[in-house]
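To keep things clear, I will list the structure first and then write my remarks on it.
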Amino acid sequence: MDALCNASEPPLRPEARMSSGSDELQFLGWNVPPDQIQYIPEHWLTQLEPPASMHYMLGVFYIFLFFASTLGNGMVIWIFSTSKSLRTPSNMFVLNLAVFDLIMCLKAPIFIYNSFHRGFALGNTWCQIFASIGSYSGIGAGMTNAAIGYDRYNVITKPMNRNMTFTKAVIMNIIIWLYCTPWVVLPLTQFWDRFVPEGYLTSCSFDYLSDNFDTRLFVGTIFFFSFVCPTLMILYYYSQIVGHVFNHEKALREQAKKMNVESLRSNVDKSKETAEIRIAKAAITICFLFFVSWTPYGVMSLIGAFGDKSLLTPGATMIPACTCKLVACIDPFVYAISHPRYRMELQKRCPWLGVNEKSGEASSAQSTTTQEQTQQTSAA
């Protein structure tokens, strides 16, 4: 009877156990079939298996992320795509970001299944799918954040020269998707690097651990083009926005002082600018979240390729993996807090959410939207 039970279990690697007296220490990969071991970097096979409770805790955490991200990003896509007042060229980038964030959460069921089976349960095929989804959504979100920064930069620093049209916004979004494609296809086809399990063997990413020149070159290249480039663009655009706002306010105060008046702004101008600033703050917050969530992962991959690999324990590498997914869950709620017109639509369509948006700022955002659409019609 015992022989029959043991036959149904996946065979263990001979080196997968260490015995010390009556205690047994299992290593990662102890429950992986022999034909799947070849896909796991040797670094992880030398690491101790974490307690089962850690797997289960991460599985439950990802269940929460999956539902929160699906609900939040689903509502953003629904409202931004069906509300006429929100259907503007600028919001095409917000919609694109929500799509990338939604795609990011679609790989959560793979992680959840692996976690509750304590390892590389679904095998290499689903590992490739998991990593492909992660590469597309992560790199795409970064480049979309840069595009949002570019758009906000033009809206706030060049209010009389808004040249963003639907055609231009769609083309920019298509370029973003095309930009992401090589970083998925190259490791997926193993033409350059490969996708492999990482950490607790429940998630997958590009190989940053193999000790060869090609791996180091790939890690350095993808780090530059998928993290450094969008980060530099984001920092440039938002630093220009902040500088413009401070200089503009300073100029208005000085002019008002010369004219011996309290302020040169009308109530309408104040309301309109408040709405624009709130939208800019939302964009800045999301870009900050992108930077905070992806920096640990970038540092981890650089350590794996160029540094001391002993620093990369399974538990340590799971933290950056979780922060990357967390930002996809938070993004839509940042807009729910900060975007006046989106809050107004939420209040109208989902009154049970208890959103209370003042009509003044939403109306000013609406007038800005109308002005944009009028300018686009004139340009056409």
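Along the chain as shown, the residues are counted starting at 1.
Cβ coordinates come from backbone N, Cα and C, glycine included.
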Exercise. Where Swiss-Prot annotates a disulfide for C204, which of C105, C127, C287 is the other cysteine?
Worked result: C127
For this session: Read off the topology recorded in Swiss-Prot and answer whether A52 and R349 share one side of the membrane.
Result: no
Exercise. Taking residues 6+ outside the transmembrane segment (92-114), which of them lie with a CB under 8 Å of any CB in it?
Worked result: 58-59, 62-63, 65-66, 69-70, 73-74, 76-77, 80-81, 120-122, 126, 129-130, 133-134, 136-138, 140-141, 144-145, 147-148, 151, 166, 169-170, 172-173, 176, 201-203, 286, 324-325, 327-329, 331-332, 335
Exercise. Per DSSP, how many helix, strand and coil residues does the topological domain 'Cytoplasmic' (151-168) have?
Worked result: 10 helix, 0 strand, 8 coil
Seminar exercise, completed: DSSP output for C204 (disulfide bond) maps to strand
For this session: Look over the recorded stretches 55-79, 169-193, 282-305, 314-338 and say which has the most C-beta pairs under 8 A to the transmembrane segment (131-150).
Result: 169-193
Problem set entry | Rounded Cα separation (Å) that holds between C127 (disulfide bond) and K325 (N6-(retinylidene)lysine) | 16
